[in-house]
Amino acid sequence: MATERHYSPLDRLLLQADTAMRTLLPFSGQPSRPSPAIVQPDVELDESQTRHIAGLMRINHTGEVCAQALYQGQALTAKLPQVRKAMEHAAEEEIDHLAWCEQRIRQLGSHPSVLNPLFYGMSFGIGALAGMVSDKVSLGFVAATEHQVCKHLDEHLEQIPHEDEKSRAILEQMRVDEEQHADSALEAGGYRFPAPVRFGMSMLAKVMTKSTYRI
């Protein structure tokens, strides 16, 4: 029977550093699933549409950077092995989203946000602190974050033209995955955050969306 490998604190820090590099360096994320955009037709968008869609996809890409950092921070400090594994699995799925968003941003002639390292560091710290408090709080933070992401995705789907089936296909699949992450976190015992906490999280999310839309 296969035995589970136990990592030392140094091993985990090195793994975290490797994940951070793969998250932040261009073209370094290798998705396990092909982009949903591949099978969708190319359409011609005007300059204004292209610029706006690129801005929305940049926001979504940074959101995935934050999610990746959040999961990694929580996995580092999670108390129960099964919670750590759940965080690591969710982080692997977020790599798909990262790669898909970056591919689409490049296709639109734009680039990911230069603020990604800042948001990665902040999110990693928040995730690590949540994990140190308790696994219940950590899982609750995942659920609240993913619900916020789903809200942003819904708003973006309303703004992206129906003819841009490539961008829409990516966001629609991301929404399915994010909702599943939120449900799984709550089913695993995650704490349901009260409205004031969720409101504070939404205010922080607005700072991210406003700043990364253009840069």
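Yeah, the Cβs are placed from backbone N, Cα and C, and that goes for glycine too.
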Key: Record-annotated Fe cation 2 site (Swiss-Prot): member among GLU88, GLU94, GLU102, GLU163 besides GLU146, GLU178, HIS181   = GLU94
Listed in Swiss-Prot for the Fe cation 1 site shared with GLU94, HIS97, GLU178, one of GLU47, GLU64, GLU155 = GLU64
Remark   = Running the binding-site residues GLU94, HIS97, GLU178 through a 10 angstrom C-alpha radius around GLU146 (Fe cation 2 binding site) leaves GLU178
